[in-house]
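Asks: One structure coming up, written as structure tokens, with questions to follow.
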Amino acid sequence: MWSLKSTLCIALLVTYSVAQDSTTVDTTAATTATGGTTATGGTTATGGTTVSGATTAASGATTASTCADDPNTDCTQYTSLCSNAKYTPLLQQFCPKTCGFCGGGSTAAPVQCVDSSTNCANWEKNGFCSSTFYDCANKKQYCAKTCKLCTTTC
């Protein structure tokens with residue numbers, strides 16, 4: 001069985017080697033085959049290896065009632081890739097719980113809303129949060145919690 005780390009390394013190597021041959025390969029929908037299943041039906045790269053256009057369901061596919069991360073994968077190190085469409089098929093297979101791909105909503109740890117400055121309480125008293133002098137992004141950067149901007153897109 002392939003690990004997520006091995007799969008990502010292979011995907012990057014294929015992308016690199018194909019780029020060196022000046023051939024474009026879309027690896028967005030490619031997943032590593034497991035249990036002897038071969039990914040087929042996509043663009044063929046040098047050497048006749050098909051690397052895109054197919055996804056392979058793992059045996060015992062993840063469902064809402066059995067949603068769990070692969071026990072052999074440290075999914076916490078891949079959380080930054082959860083929203084990257086290029087890695088979605090792999091992360092759905094190996095890290096569905098960590099990345100929030102389980103049915104019934106996200107099971108990923110919620111992002112904590114905090115102030116990065118210790119002066120926010122004083123700044124709020126002085127009108128920082130309601131001031132038009134500072135843009136939303138600055139207010140959110142320093143005092144997201146105090147200014148109640150945690151769920152606001154600036």
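These residue numbers are counts, starting from 1, taken along the chain as shown.
Even glycines carry a Cβ here, placed using N, Cα and C.
The signal peptide annotation in Swiss-Prot covers 1-19. Taken from Swiss-Prot, the feature disulfide bond covers Cys67-Cys102, Cys75-Cys95, Cys82-Cys99, Cys113-Cys150, Cys120-Cys143, Cys129-Cys147. Residues or ranges marked as domain 'ShKT 1' by Swiss-Prot: 67-102. If you look up Swiss-Prot, you'll see 113-150 marked as domain 'ShKT 2'.
How buried are these features, and what lies next to them?
Replies: Secondary structure at Cys67 (disulfide bond), as computed by DSSP, is coil.
Following the DSSP three-state reduction, the secondary structure of Cys99 (disulfide bond) is helix.
In sequence order, Cys113, Ala144 constitute the residues six or more apart from Cys150 (disulfide bond) in its chain with CB-CB distances below 8 Å.
Taking Cβ pairs closer than 8 Å, the domain 'ShKT 2' (113-150) reaches no residue in its own chain that is 6 or more past its ends.
A simple way to gauge crowding: the CB of Cys120 (disulfide bond) has 20 other CB atoms within 10 angstroms, across all the protein chains here.
Secondary structure at Cys129 (disulfide bond), taken from DSSP and collapsed to helix, strand or coil, is coil.
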Asks: Checking the disulfide-bonded residues Cys67, Cys95, Cys102, Cys120, Cys129, Cys147, which are within 10 Å of Cys82 (disulfide bond) at the Cα level?
Replies: Cys95
Asks: Quick check for the class: what is the C-alpha distance, in angstrom and rounded, between Cys120 (disulfide bond) and Cys67 (disulfide bond)?
Replies: 40
Asks: At a 10 Å cut-off from the C-beta of Cys75 (disulfide bond), count the other C-beta atoms across all protein chains.
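Replies: Neighbour count, Cβ to Cβ under the 10 Å cut-off: 19.
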Asks: How far is it from Cys147 (disulfide bond) to Cys99 (disulfide bond), counting Cα to Cα, in Å?
Replies: 28
Asks: Given the disulfide-bonded residues Cys67, Cys129, Cys143, which lie close to Cys95 (disulfide bond), meaning Cα to Cα within 10 A?
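Replies: Of everything listed, what lies within 10 Å of Cys95 (disulfide bond) (Cα to Cα) is Cys67.
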Asks: Going by C-alpha distance, which of the disulfide-bonded residues Cys67, Cys75, Cys129, Cys143 is nearest to Cys99 (disulfide bond)?
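Replies: Checking each of Cys67, Cys75, Cys129, Cys143 against Cys99 (disulfide bond), the shortest Cα distance is to Cys75.
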